[in-house]
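Chemist: Here's a structure for you.
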């Protein structure tokens, strides 16, 4: 932002420290680079030389000739209504609040604390009401859905189709050995039979069954 507060004739300044601290004055003439001739006819400040280091320039400018007498300065001050405009600025309000805070007692600070807590509670409740109303408008009521259907839909949405087919194949492969268990047992029983004779070897002779004993003697 461009700086526009320059030292000039008619510029209104705020006295920050010194015997006239907190009052407004108007620059009537510039003496040198360090001092200016000021006058405050409506703030009870006599015409005198004042250093720039104790002045803070404001945005207000009065229209009167160079080295004008006090009556012309007063007339321009009242015409521009400087006192009312200054009281309405944020600068003046901050100064007033700072002075009021410095004069507060312990009981005054306690009352301010309780008032702030009450204000914050009211604001919080109102914000919650607005949030609930916004949620009700944003999400209309839907028909109730069974929990199982909701879980299945969520699982289907999370698991892609390829992964689902792979999982189905794995499950089928795991179930297949359990069904073929009897066949494996049968194969084990067949393996218990005597091995076949290899080529060039005679099969082992099998004993003929013994004849049954009869009651007649030869």
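Placement of Cβ uses the backbone N, Cα and C atoms for every residue, glycine included.
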Chemist: According to Swiss-Prot, region 'Disordered' applies to one of these ranges: 99-158, 159-218. Which one is it?
Modeler: 159-218
Chemist: Rounded to an integer, what is the Cα-Cα distance in Å between residue 124 (SUMO2 cross-link) and residue 139 (phosphoserine)?
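Modeler: If we compare the Cα positions of residue 124 (SUMO2 cross-link) and residue 139 (phosphoserine), the gap is 23 Å.
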Chemist: List the same-chain residues at least 6 positions away in sequence whose Cβ sits under 8 Å from the Cβ of residue 85 (N6-acetyllysine), in sequence order, or say none.
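Modeler: In sequence order, the residues whose Cβ lies under 8 Å from that of residue 85 (N6-acetyllysine) (at least 6 apart) are 60.
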Chemist: I'd like the number of other C-beta atoms within 10 A of the C-beta of residue 79 (N6-acetyllysine), please.
Modeler: 11
Chemist: If you measure residue 79 (N6-acetyllysine) to residue 139 (phosphoserine) at Cα, how many Å is it?
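Modeler: With distance taken Cα to Cα, residue 139 (phosphoserine) is 61 Å from residue 79 (N6-acetyllysine).
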Chemist: If you count Cβ atoms within 10 Å of the Cβ of residue 124 (SUMO2 cross-link), leaving out that atom itself, what do you get?
Modeler: 10
Chemist: Provide the number of Cβ atoms within 10 Å of the Cβ of residue 139 (phosphoserine), excluding the reference atom itself.
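Modeler: Residue 139 (phosphoserine) is surrounded by 8 other Cβ atoms within 10 Å.
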